[in-house]
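Feature annotations, reproduced from TrEMBL:
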- 119-362: domain 'AB hydrolase-1' (DOMAIN)
- Ser199: active site, charge relay system (ACT_SITE)
- Asp327: active site, charge relay system (ACT_SITE)
- His361: active site, charge relay system (ACT_SITE)
- 397-417: region 'Disordered' (REGION)
Amino acid sequence: MAKLSLGSTFSIFNSRHIRPPLAGCHVTKMTVADHHPSLEVVGGARDRFLPSLNTNLRLPYNPFPLIAWNRHVETIFASFFRSIPQVRLRRECLRVKDGGSIALDWVSGDHRRLPPDSPVLILLPGLTGGSQDSYVRHMLTKANGKGWRVVVFNSRGCGESPVTTPQFYSASFLGDTYEVVKHVGARYPEANLYAVGWSLGANILVRYLGQESHACPLSGAVSLCNPFNLVIADEDFHKGFNNVYDKALARALCKIFKKHALLFEDMGGEFNIPLAANAKSVRDFDEGLTRVSFGFKSVDDYYSNSSSCDSIKHVQRPLLCIQAENDPIAPSRAIPREDIEIMLAQENPNCMLIVTPKGGHLGWVAGAEASLGAPWTDPVVMDFLEYLERGASKTGKFSGDSEAVQRNSGELHHIEV
C-alpha cells in the first residue's frame, strides 16, 4: 500500500510542478510548466533532459478514444492490429562462447548507405519477441529514417533465432548482451552505441547498464514497459484478466521449446522437461527449465535476483524510462521511483522517468500516428536519443573503460545469412 500511495503523491506534486520531497533532498519549485500535468515526470536527470523533450511533453497525453478506455483493450489492440512496417532486413547469426546462437537483424543496405560514424541503435524486444513485432518495426523505421543504423537483438529462440545449445535466455543472463554490444561496437568503432529495450528486454538492458556502470560502452539507453520488480510482476500476472497474457506467453515459450526439444532430451538433475514443454504459465516454464538452467534454487529466487529495480542506482549512462500507469504486466507499484530520483542520498544525475496515465502494455495508442501507427513513445525516444547524440558528437565518442572492452574478449564467431 505504501508504494501505491507513493505513486499518487508523485502525481499530485507533478500537477503543481513541484518535485516530491525525498530524504536528504530539497523541494524544488518549478515556476514554468515544463511538462503537461497529465504526465508524471521525475528523476535526478529531469532538468538535464527535459529541454530536449518539451515539444512532446508539454502537450496533454490524449489516448485514442474507444481503444484506450480499457488497459486490456489497448494492450490487445496494439498487439494484433497495429500496422507492421515493411522493412528488408539482413540477418547475422552470432555463435557466442558457450556455443549458443543469437540472430542480429540489420536494415538491408545500411552498411553501404550510411557513413561508418552513424549512431547505432540496438533494440531488445520483450519476452519471446523479435524483429517481426510491430513495436520493434516502428522504432526501427523511425530511427533509420533519421539516419541511424539499427539492429534488432533477437535472443536465443526468438525471431526464429536458432537454438544450438540446451539453454535459452533469461532475465538473469547478461552474457549474450555483453557479446552483442561488444560485437556491434567492434564492427562500427567510429560510432556511438545506444539501446532501447521493451518489457523483459528493458529489464535485461537496465541490469546490463547497472552491471557495467562506469565501464558501459553505451552512450545512452531507453527502457519501456519495464517490469522492474519481477516478484511483484509475477504476483499480478496471476490476477484476473492477466491470466490471459500469462497463458499466451507460456504457449509462445512452449512453441519455441518444442522446436528444439531434442536438445533437452538427456537433461537430468532438477530439470522438469515435461513441465516446461507443457507449461500453462510462465512460472511453470521457469520452474521446469529457466531457474535450473541459470542456477537458482527456486522461481522466486530467480525473480528476486533478476529484477532491474536493484540496478538503477548503479546506472552511469543517460537512461530514460517510460512506463504506463495502467500497465497490466509491468505494474506501476514496481517502479523504483526513489532510486530514479536519488542515488546514494544525492540526486541521480543519469535517470529520468516518464509515466503516462494510460498506455497498457506495449500499447500507447496515442499521438499523431494513432491508432494504427507508431506508439506515442517513439518520437519521445528519438528526441532523447538525438539529444544525446548531439552532445556526444560535440565531446567526441565515448570509449568507456579499456578494461571493459578487453573483458569478454574471447573469440566471437559470426555467420551472415
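Using N, Cα and C of the backbone, Cβ positions are placed for all residues, glycine too.
Within 10 Å of the C-beta atom of Asp327 (active site, charge relay system) sit 28 other C-beta atoms, taking all shown protein chains into account.
The two recorded residues, Ser199 (active site, charge relay system) and His361 (active site, charge relay system), have Cα atoms 8 Å apart.
Over all protein chains present, the Cβ of Ser199 (active site, charge relay system) has 25 other Cβ atoms lying within 10 Å. Rounded to a whole number, the C-alpha distance linking Asp327 (active site, charge relay system) with His361 (active site, charge relay system) is 5 angstrom. Taken together, the residues of the domain 'AB hydrolase-1' (119-362) have an average pLDDT of 97. Summarising the environment of His361 (active site, charge relay system), the number of other Cβ atoms within 10 Å of its Cβ, over all protein chains shown, is 26.
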